[in-house]
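Database features, via Swiss-Prot:
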- D198: active site, proton acceptor (ACT_SITE)
- V79, G80, H81, G82, S83, F84, G85, V86, V87, K102: ATP binding site (BINDING)
- 73-357: domain 'Protein kinase' (DOMAIN)
- A2: N-acetylalanine (MOD_RES)
- Y233: phosphotyrosine (MOD_RES)
Amino acid sequence: MASVGIEPSAAVRESTGNVTDADRLPEEMKDMKIQDDKEMEATIVNGNVTETGHIIVTTIGGRNGQPKQTISYMAERVVGHGSFGVVFQAKCLETGETVAIKKVLQDRRYKNRELQTMRLLDHPNVVSLKHCFFSTTEKDELYLNLVLEYVPETVHRVIKHYNKLNQRMPLVYVKLYTYQIFRSLSYIHRCIGVCHRDIKPQNLLVNPHTHQVKLCDFGSAKVLVKGEPNISYICSRYYRAPELIFGATEYTTAIDVWSAGCVLAELLLGQPLFPGESGVDQLVEIIKVLGTPTREEIKCMNPNYTEFKFPQIKAHPWHKIFHKRMPPEAVDLVSRLLQYSPNLRCAALDSLVHPFFDELRDPNARLPNGRFLPPLFNFKPHELKGVPVEMVAKLVPEHARKQCPWLSL
């Protein structure tokens, strides 16, 4: 395929409508040599069917002296769909492995930004890209197929499960899920320089046996370049940061932190904290809890709104939003994440060392069924690059340091 630019896909097409400097990779990422001819060369296959039983045959390898290898996938069932396309579960006939295949319509003029991002990612809390291929239809439409690891559940469905039982989610699961969300965000924000822009329970996959969480759906993800505009109509409504509602175009990765704060609150409450019925109503829901933003806070979100007159509403105390038995550490963390001023929100890495997660650092911590927790402290050197020694010592408890043999504490 012609490498003309990175595709501004449907959810990500920026306000200019054209490929701008904001669509180019920042200088420091050029060293990573993102090329189409990586190990996962994208071959083109005919057909665009996702019905149960349909078999897709593609090839991988064949570059840099590697032998070509044929892989066949049998479509099993559709597991998700939206404006982007469709996600279906499939089985690799050669290995028996179950995978998820995300199929999106591809504009031939551009590289696909989601594919470019996925090729950079390698983290235990981020869904991994196995390989990719293109498929064509009779109408000569081109589809990109991302072959991803399959994770059976989502945080959204886990929340619904506990609601049906009329139970609160065990606090250890709330801690586990939220910790892993922040670890994935710290990685994509600090190591890759990418903002996800659609953090929500539906985009957080969970293995129901190990309770390992993986962030998925990078269809809206983007490298945010300081001084360059981005669209503000991004992120699902209940999880949308206030600066986006205010129409800010020069936002930061702090929008993901706000969304993660909303997810944490939802795990604790069993329902969304800010269930707005429209964009404006979303702001009303936020104001009902946080109170009217000050002039200074509005300036931090979008300087163009400072003269706008808002109804003066007092903040609702956090301890009245959560039930009396809620641990104060949980309430404290929510309050540090859901700040109007983006620069005052607790960054993802800082959130990991918050006392709310201390239970997970206990060497005797176990799942409610007595099993071990999923790996939480297996940090790679680049994850902790530039982090002060005292903070590293807190992030990697003594009993877990064998998971990081490169550490010299």
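Glycine too: its Cβ is placed from the backbone N, Cα and C atoms.
Feature map: annotations from Swiss-Prot on the structure.
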| residue | record | contacts (Cβ under 8 Å, 6+ apart) |
| --- | --- | --- |
| V79 | ATP binding site | V87, F88, Q89, A100 |
| H81 | ATP binding site | V87 |
| G85 | ATP binding site | K102, K103, V104, L105, Y143 |
| Y233 | phosphotyrosine | L244 |
Helix, strand or coil for H81 (ATP binding site)? Use DSSP.
strand
I'd like the number of other C-beta atoms within 10 A of the C-beta of D198 (active site, proton acceptor), please.
23
By Cβ count within 10 Å, point out the most packed of the binding-site residues listed: S83, V87.
V87
Quick check for the class: what is the C-alpha distance, in angstrom and rounded, between S83 (ATP binding site) and the residue listed as 'active site, proton acceptor'?
14
